[in-house]
Amino acid sequence: MRFNQYSYINFPKENVLSELKKCGFDLQNTANHKDSLETFLRRFFFTYQDTNYPLSILAADKKTDLLTFFQSEDELTADIFYTVAFQLLGFSYLVDFEDSDVFRKETGFPIIYGDLIENLYQLLNTRTKKGNTLIDQLVSDGLIPEDNDYHYFNGKSLATFSNQDVIREVVYVESRVDTDQKGLSDLVKVSIIRPRFDGKIPAIMTASPYHQGTNDKASDKALYKMEGELEVKLPHKIELEKPQLNLVQPQGKAELIAEAEEKLTHINSSYTLNDYFLPRGFANLYVSGVGTKDSTGFMTNGDYQQIEAYKNVIDWLNGRCRAFTDHTRQRQVKADWSNGKVATTGLSYLGTMSNGLATTGVDGLEVIIAEAGISSWYNYYRENGLVTSPGGYPGEDFDSLAELTYSRNLLAGDYIRGNEAHQADLEKVKAQLDRKTGDYNQFWHDRNYLLNAHKVKAEVVFTHGSQDWNVKPLHVYQMFHALPTHINKHLFFHNGAHVYMNNWQSIDFRESINALLTKKLLGQETDFQLPTVIWQDNTAPQTWLSLDNFGGQENCETFSLGQEEQAIQNQYPDKDFERYGKTYQTFNTELYQGKANQITINLPVTKDLHLNGRAQLNLRIKSSTNKGLLSAQLLEFGQKKYLQPYPAILSARTIDNGRYHMLENLCELPFRPEAQRVVTKGYLNLQNRNDLLLVEDITADEWMDVQFELQPTIYKLKEGDTLRLVLYTTDFEITIRDNTDYHLTVDLAQSMLTLPC
């Protein structure tokens, strides 16, 4: 384990003493260090009647137990302090470590022995081997009462609200959209779990079209075969209009009553970060949105109608929209428990909705935590003039997603009444998708949140993985740079795939978010500020560094690609084409081994480099015909240890999100030997070689100069490493699978790779 502590806040000594005293650690500034440590430990072991016993089973050094040490005349030393501290954090002395000073350096332990009271205060705010901070572990065990009131420690809310006796209710928010054109505003179901409290509390809201269930069967039927010819497009300039949103006004009157009438029973799934915040005094709201089970309207996936309906839930929390008790719209209930302040959470589609919500500039949305979210839907299902698939999901497109998330069809009555209209709406969507050309058009323009990024007022926290080929890193990169300069923005850029990171051992992500939300939603005045970029170092396990920016580098490193012309044959023998189509993983493996139709260029790294931003290929290229698809991947090549893209379980169900509440696994990205690691990749239709909105002819056998930017990333390379650039046509995981007989030729002498460093 390595410690990477971003959540700790330096407080004045008087605050430290006051907070310790409130938790029963009655330490005196004038006492000697040894006496203070004993006083601290006897309170620490509050679950024991006889505190001599737990002291006797800890060690001060290799020859002395802690009780014997306190009974001796020996002085407290730095070595003894560290030895005791590591044991309190769950490490076994003489098993996990023998020399505390060596272990301190190996783990990056954040505490330097000096002022013992401040050392002990920081120790309580340090994560244990099992994933909780020490203070959270003690509170979970009953250190302070579960009194349904707020208690703070180091600028973070503690788990002092009951998660057993909570209010569970359902309301139906009246949106300002009418997606199915029935003349009534769509209703959106809101599932609420909130702690009991006499005052007003903030809300953690997860906007998830998946939450009420998914129609996997219908979605699978809607998948496309990726086999087909790359379209030869007519040259033209793509014209667009400013997206419009038509809102509807509330209709009719409704009796105001005191409480919701529908009780929330079981929910499909909760998000463990939300579980963590519930006993800390934050309401949990789950909203599936229009076109989902128990709500009304069509599934408009990603457009501002869908976003508006989610926004209206925040409006209700602030008294600007109504919520009914049921679908009759006869009785309404106010969110009189809400303080109006909201943070959004969730990954993938959930993080996408956070991005969209932020761009409305809605009052009350204080923080978004957008994890692996889409910023422009075109870049999810298309790329540079190509029809593409999200990584791992060949054949998926917008209409199959619509079938997946239109969960109203899971209710037989809704299916009978509404499926015909839903299918008619879906046909309109299919016509607008334009799978023929893969070009950007008005449909995608209406689902581009970057256009409204200037409206964002909330503080923004992103998480994204360098190995996320589902929602590719371009999404967070573009959103990060589109945000107004005056707002606070932060990015956790890890080396995983499309995964959550809130339960990783190596970083105090949950505690950092706690510090942020306690400040922004609960009004605690602290100096807490996350770095702009927190990056997981790819060269070592469990190592995180603070950076000033994602991209924006002034210096570049250029690699020449060769001295000759090389060709990429597009067509495969039928046997290989069929084999790759059945299992794209086989294609990826053989591509990395140099066995596919490809140009492979190994580039020695002659000095340490820190890539930060978008690698760019400048290529002199020609096609043997009037079309061309170019794929590129940049690998770090060579057998060595690399971080793996998916977290592994270190310890099952050891993280306590409250008090014996929603225990979850402690995880981390493994660091294992592999033959290579993907650094970045990209795909380009050569007819869109100069601009996404400009379609140009390709003249057979005529040279073209192409500037091709790959996916943004942050990656460290060391002198002696090897980069492998792979150029090819069809990618059997991502692109259309065109097996026509043509080839691309690259003049390597007139081509180069540029890395921003």
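Here the Cβ of each residue, glycine as well, is placed from N, Cα and C on the backbone.
As written in Swiss-Prot, here are the features:
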type	residues	note
ACT_SITE	Ser348	active site, charge relay system
ACT_SITE	Asp468	active site, charge relay system
ACT_SITE	His498	active site, charge relay system
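Ser348 (active site, charge relay system) counts 20 other C-beta atoms within 10 Å of its own C-beta, drawing on all protein chains shown. Separating the Cα atoms of Asp468 (active site, charge relay system) and His498 (active site, charge relay system) is a whole-number distance of 5 Å. Taking Cβ-Cβ distances under 8 Å and a sequence separation of 6 or more, the neighbours of His498 (active site, charge relay system) in its chain are Leu347, Ser348, Ala372, Gly391, Gly392, Gly465, Asp468, Trp469, Asn470, Val471. In the structure as shown, the Cβ atom of Asp468 (active site, charge relay system) sits within 10 Å of 24 other Cβ atoms. Reduced to three states, the DSSP call for Asp468 (active site, charge relay system) is coil.
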